[in-house]
Amino acid sequence: RCSVDNRVTRVAWLNRSSILYAGNDKWCLDPRVVLLANTKTQYSIQIQDVDIYDEGPYTCSVQTDNHPKTSRVHLIVQVSPKIVEISSDISINEGGNVSLTCIATGRPDPTITWRHISPKAVGFISEDEYLEITGITREQSGEYECSASNDVSAPVVQRVKVTVNYPPYISDAKSSGVPVGQKGILLCEASAVPSADFQWYKDDKRLAEGQKGLKVENKPFFSRLTFFNVSEQDYGNYTCVASNQLGNTNASMILYGE
């Protein structure tokens with residue numbers, strides 16, 4: 001907007017040195033620039049669908065009986081943040097190094113932060129485009145969120161999933177006492193990424209699925225060995241072996257009588 005009075009005889013709007021409007025006459029070819037008002041009190045133009053290239057100085061030039069006057073306004077164009085590049089989901093072995101990147105654009109330049117989406121995580125782990133994790137542990141697996149903000153609009157966020165692979169670790173394997181003729185269960189729990197494969201042995205002999213009187217149930221985090229009708233021959237030492245491509249581990253337990 002440009003305020004004028006009745007002493008003004010000629011008016012014009014310029015962008016840098018290019019004339020946009022002189023009086024009611026349009027001098028520029030840009031259809032987004034329109035004349036809003038040319039009255040005794042106001043001479044105003046409008047720029048529709050503003051672009052970053054519209055940023056810069058605009059000059060209102062007026063001619064009076066005495067001398068020309070100009071008033072200048074500087075247009076600052078703001079742009080909401082946008083994440084234009086972010087690392088893909090990654091799978092890595094425990095102890096390895098991880099580099100995550102998040103590139104964002106906006107005006108003013110957005111602030112970029114990384115945080116670990118985890119109940120134990122507190123606050124940001126990086127206030128930068130780059131997040132470096134050396135010697136990653138299984139507790140550091142999960143989703144990492146990149147946030148880009150510049151106060152023009154709400155921050156934009158994207159997430160990267162980091163999977164940390166580690167060999168099996170048997171967390172629970174208890175012996176069990178069961179009378180003859182009763183149902184008996186031996187349970188072997190193991191955490192591993194990728195999930196562990198389980199095998200059962202009695203002494204050195206592997207137990208096969210479907211063996212008479214036995215049932216083996218394998219799930220991602222545990223294996224259950226069920227005896228439907230325990231006999232004297234079932235008593236003894238059993239070994240659970242949990243394995244994945246990173247390694248294996250075993251635990252022994254005893255099925256015993258009263």
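Numbering starts at 1 and runs along the chain as displayed.
Using N, Cα and C of the backbone, Cβ positions are placed for all residues, glycine too.
Automatic, uncurated: that is what TrEMBL annotation is.
Since the structure is predicted, the reported quantities are computational estimates derived from the model, not experimental observations.
Quick look at what TrEMBL lists:
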- 1-71: domain 'Ig-like' (DOMAIN)
- 81-163: domain 'Ig-like' (DOMAIN)
- 167-256: domain 'Ig-like' (DOMAIN)
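Residues of the domain 'Ig-like' (1-71) grouped by DSSP class, helix first, strand second and coil last, total 3 helix, 41 strand, 27 coil. The average pLDDT computed over the domain 'Ig-like' (167-256) stands at 93. Residue counts for the domain 'Ig-like' (167-256) under DSSP, split into helix (H, G, I), strand (E, B) and coil, are 3 helix, 57 strand, 30 coil.
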